[in-house]
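Chemist: Have a look at this one.
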Amino acid sequence: MVFDELITEFDRGLRSIAGVSRMSRPVPKPAAAAPAELSAAERKHAAGLMRVNHVGEVCAQALYQAQKLTTSSAGLKEMFEHAAREEEDHLAWTAHRLKDLDSRPSLLNPLWYAGALAIGVVAGRLGDKVSLGFMAETERQVESHLDGHLSELPAADVESRAIVEQMRADEVKHGKSATDAGGIELPMPARMLMRAASKVMTSTAYYL
């Protein structure tokens with residue numbers, strides 16, 4: 001059973017890095033009028049932001065995989081799996097949007113994935129309450145990060161905006177689930193370290 005689980009997660013990891021994701025929900029579409037034409041500068045900026053979001057979803061897959069593998073609770077395994085499936089939708093959506101913008105995912109995705117997997121294992125080994133607290137804090141920081149992107153995206157890029165808005169709604173839900181399941185609040189130094197690591201990732205992934 002454990003071996004089968006490892007094989008499944010290994011396959012998911014390879015697909016995350018390679019950009020071959022399974023979409024269980026369709027790409028969110030803007031409710032309003034047809035998308036407007038973006039200038040070259042707007043397309044470049046939108047692509048940079050969506051590349052950052054794609055990297056975030058690569059990391060989310062690694063984190064949830066690690067947390068799922070390190071918990072002995074069947075209920076938490078199911079919760080992490082459900083969140084990972086929704087995050088895989090995000091991965092597929094952002095990859096789809098990058099292609100529409102004639103851009104590409106980060107060249108450093110294997111590095112981001114490996115780092116997030118290691119962090120997830122450490123969080124999981126510290127116990128379920130810490131692991132859930134880490135999940136809740138991660139989702140809070142992602143929510144804030146997506147709020148920033150919603151204000152930065154070109155006004156005409158309603159397609160990217162629709163994707164980010166649905167991603168944000170899902171992240172809020174995941175964070176609440178982690179808190180409701182018993183996640184503790186992480187100490188301030190840990191939260192600050194997470195923000196610093198996120199800053200390095202986002203500033204690098206925008207370009208690479």
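Here the Cβ of each residue, glycine as well, is placed from N, Cα and C on the backbone.
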Chemist: For the Fe cation 1 site that Swiss-Prot describes with Glu87, His90, Glu171, which of these is also annotated: Glu57, Glu137, Glu152?
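Modeler: Site partner of Glu87, His90, Glu171 for Fe cation 1, according to Swiss-Prot: Glu57.
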Chemist: Name the one residue among Glu37, Glu42, Glu139 that Swiss-Prot lists for the same Fe cation 2 site as Glu87, Glu171, His174.
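Modeler: Fe cation 2 site check in Swiss-Prot: besides Glu87, Glu171, His174, the record includes Glu139 out of Glu37, Glu42, Glu139.
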Chemist: Sort out the sequence-distant neighbours of His90 (Fe cation 1 binding site) for me: same chain, 6+ apart, CB within less than 8 Å of its CB, listed by position.
Modeler: Asn53, Glu57, Ala60, Ile163, Met167, Asp170
Chemist: Show which residues of the chain containing His174 (Fe cation 2 binding site), separated from it by at least 6 in sequence, have their CB under 8 Å from its CB.
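Modeler: The list for His174 (Fe cation 2 binding site) reads Ala83, Glu86, Glu87, Met135, Glu139, given in order along the sequence.
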